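Now, the feature entries from TrEMBL:
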BINDING   A:106, A:107, A:108, A:109, A:110, A:130, A:131, A:143, A:152, A:170, A:171, A:172, A:173  NAD(+) binding site
BINDING   A:185, A:248, A:265  Zn(2+) binding site
DOMAIN    A:68-179  domain '3-dehydroquinate synthase N-terminal'
DOMAIN    A:182-325  domain '3-dehydroquinate synthase C-terminal'
């Protein structure tokens, strides 16, 4: 069963999100809708290339096509890889009229999107998310970036794609660990903005673990609608959009501490969201009953709520590089009930340390 | 005598260009007009720092100020330097609300502007051009970039500044070689878009060589008005703006061949403009009398019209990386009379080689 859906994002440059479409149909869409495209530059991941490139390229007989393969790993979201992509793009004759296709997960989307935003001062690009994380979250909203030794996603651009093209069949070959990364963001979207989605996840917990395709289409669609709604209200992240960073201030610190190696993004967000929830509870913002529901869902899906052997002081220090911070003051996102969150600007280091201590196993 | 002027650029993000203002007055302007700025990050050049930083900073008592010094040289317009600026900015606490001030010439403006466009996905910046080249050309139009081994200005962004703040007194300490870089762009602007400016330059040739300040204010103002007019018609360089690249398709090839070391940008543009003019003449687009006027003015100002010992075939090949090119076809800008130029898309390699041969001394 394939159910097609189309969502329109009205940002400074409007674009469409297609859900439940087939990889092999993108070529026809580009030909019909966008015209004047001759050269496609596909940026992808070795495993994704092996499973899905052929189906995508089958639809591209009208175009000249080049494929740039990026090795696996978050460490490829770097200026060094950007530089290599640039050399490769020039070598295969990419010009201002070429279109970059990001075929892969969040790393590919962020990297290829940022590359497209700066190559010759900006060429067009298309997101083709193949992981749950990319489908529910990172392919939406126009944020692109690479990491830097001084911070995650520190260099980037707000650069909306032409179109987001989501074929759910790419989830079939996705390792469970990567499914969890997407589920962490889905729970986050439910906690910060959609109580009904939260209940849906609670009710369908076992079906999610059993990887029932219909449940995934539903949760993806509902999850990204939370994001689209927030992004449309605040494209450049000056206000409400910061809510999407629930769990990320704490989570990025965990990822940075582990140099993006020891901990997945999903686990970082999961533990980070729990830390934020504990901090909200300590402030009396959220009831203990709701905290318990959040803990139960996160655990029930197999996501972590604690981590072993970290130093809270080091993690606190790493939170200083967070892009949301202002005048040296840490800006946090805290849930005040299931389905709603707040921007908090007055958290002191002591309460942040207390929250860290609740998620760290000594 | 100081004559203040203000020009408004109406791009996707409108901004003002101030001419004939004082460095020491920028602080008061920022406080009054922009509010909510607490942290300034000044990116500058060692020589400029020595001469002008104190005057600028004297006006900044209301702000926290950090200064990042970039070593001299076009080779600093690189991803490596961008990465270093990022580390330094994080170390001094720059956040999304910080403002980057580019105090220097074209290298500083392009580099600091691109840095501002990508740091935390874009923070505000101000252009404070201190060279004639930056004042008449590179600080205007919102183009920022770094170079890459595969091509000049290959990675960048269209990212307009908040404001351009031009104090002509900074020209007093500018070496004549660098004045020539600016004069080359001024002649280019006259040839492609302002016959009256061309006559003004012919008439005042000696005063320009004698560095009479009033003449410089006049030529700067008129020269950048050509650029502002063209840019406002075509911010993202899809059509008419390409005319500003007169001389640059040839010139960039010369600069790339010399690895940005052996030849100044001004000399590259000068010889490149002459090559384009010869090509236009060979096509019967421009009269020999007008070609002679162009040659006489360029020579009269002390700019080169020829270069020694280059291989035309190598230069032709280097022109293939030009960002204007489309579908492998070289796109050239050719003058068809003084004060007017055309985009030409059908130049064949043979006539380009002939043009190269006319400017190369064997």
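Placement of Cβ uses the backbone N, Cα and C atoms for every residue, glycine included.
Distribution of TrEMBL features across the structure.
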residue	record	DSSP class
A:106	NAD(+) binding site	helix
A:131	NAD(+) binding site	coil
A:152	NAD(+) binding site	strand
A:171	NAD(+) binding site	helix
A:185	Zn(2+) binding site	helix
A:248	Zn(2+) binding site	helix
A:265	Zn(2+) binding site	helix
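Mean pLDDT, taken over the domain '3-dehydroquinate synthase N-terminal' (A:68-179), works out to 95 on the 0 to 100 scale. Cα distances from residue A:110 (NAD(+) binding site) to the binding-site residues A:185, A:248, A:265 are smallest for A:265. Shown for the domain '3-dehydroquinate synthase N-terminal' (A:68-179): DSSP residue counts in helix, strand and coil, namely 46 helix, 33 strand, 33 coil.
For residue A:106 (NAD(+) binding site), the nearest neighbour among the binding-site residues A:185, A:248, A:265, judged by Cα separation, is A:265. Nearest Cα neighbour of residue A:108 (NAD(+) binding site) among the listed binding-site residues (A:185, A:248, A:265): A:265. Straight-line distance linking the Cα atoms of residue A:173 (NAD(+) binding site) and residue A:265 (Zn(2+) binding site), rounded to a whole number, equals 19 Å. In the structure shown, the C-beta of A:185 has more C-beta neighbours within 10 angstroms than that of any other entry among the binding-site residues A:110, A:185. When the C-alpha distances from residue A:185 (Zn(2+) binding site) to the binding-site residues A:131, A:152, A:171 are tabulated, the minimum falls on A:131. Its Cβ taken as reference, residue A:171 (NAD(+) binding site) is surrounded by 20 other Cβ atoms within 10 Å in the chains shown.
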